[in-house]
Amino acid sequence: MIVIPRYTIIKEKASSRIPEILDNLNLKNPLVITGKNTKKYNKDFDFIYYDEIETSDLENIKNYANDYDSIMGIGGGRPIDIGKLIAHKSKKPFLSVPTTASNDGIASPIVSLTQPSYMTEAPIAIIADIGIIKKSPKKLLSAGMGDIVSNITAVLDWELGKIEKSEKYSDSSGIFSKTIAIELMDYVLNSNLEEYPKKLVKALIGSGISIAIAHSSRPASGSEHLFSHALDIMKEKYDIDTDSLHGEQCGVGTLAIAQIYFEEKKLDIETFEMIKKSLKAVDAPITAKQLGFDDEIVIEALSSAHALRNRHTILRNGISKTEARKILEKSEII
């Protein structure tokens, strides 16, 4: 069964409608999962800080919900992911109240606390207060663009899985995901960006719904996400001091993977340039240096990314460091 949100509110002062939405859903007593910086947006309900929750104990995490009829995540990625996980384990509805728009986790059924990611259910309601979101750090909103453009290469990888490995593929989900990315890119390249936060939130919610339709992260996560996860491993392995975000890394990864698809004549140069210009338009990183990585680190990440998940992509069985360097140079990432 496909589960998608029953209520999606995307507007200024949307948070004022939380009591109304709860009443419509016949919910009286939610537990709010939030952070210290976003606690101020919760004025009415019991709450717990996300960093006080032990997420490794999956069997007992449901106990946080014992005295409540629902779970509400208020904040960025981690409060929302942890809220989804508690709701899933306790079999209670989840409401997503994002305070920024850096990735499609605000709407998807995926929990990305660990790798591989964890499938739960999509939120029963999404309340996105644009007045709050547009005040969030520009870096977070730029990262959201990186997460959206990655749909282009993710869908290409999914189609490749269907062709080369007879993988199950959903035309409706694939087309929906790709269209969301193209429409947002078209907007940022042909506007003054005044409505960018709202357009971005709509795109991220649409991307999350495409995942719910497919019941798989495939329409929004491919080899570019593997590249991002590889960079996360590099950060820890080499103790690299950079504040690069998931969406930023996915955006740069999308350029690298798009270059490979271009060389295999499966993506045209116009689409590649559209991706690059869209990232630049919102001041998202397009080079390794802008992410905070040396050339050799991103080369190692690209050449090792294929091994991080049993998922067929354009990386197939992996590429050598020599090949990775050529791809990264041609795409001007290094």
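Glycine is no exception: its Cβ is also placed from the backbone N, Cα and C atoms.
Annotated in Swiss-Prot:
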- G77, R78, P79, I80, D81, T99, T100, A101, S102, S108: NAD(+) binding site (BINDING)
- D104, D147, H229: substrate binding site (BINDING)
- D147, H225, H246: Zn(2+) binding site (BINDING)
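In the three-state DSSP classification, S102 (NAD(+) binding site) falls within coil.
By a simple count of nearby Cβ atoms, those within 10 Å, the most crowded of the binding-site residues G77, P79 is P79. Non-local contacts of T100 (NAD(+) binding site) by the CB criterion (under 8 A, 6+ apart in sequence, same chain) comprise G76, I133, S136, P137, L140, L141, G144. Counting only same-chain residues six or more apart in sequence, the Cβ atoms lying under 8 angstroms from the Cβ of H225 (Zn(2+) binding site) belong to S150, A154, S217, C250, G253. In this structure, the binding-site residues under consideration are D81, D104, D147, and the one with the smallest number of other Cβ atoms within 10 Å of its Cβ is D81. Neighbour count (other Cβ atoms within 10 Å of the Cβ, all protein chains): 21 for H246 (Zn(2+) binding site).
In the three-state DSSP reading, H225 (Zn(2+) binding site) counts as helix. S102 (NAD(+) binding site) is surrounded by 26 other CB atoms, counting those within 10 A of its CB over all protein chains shown.
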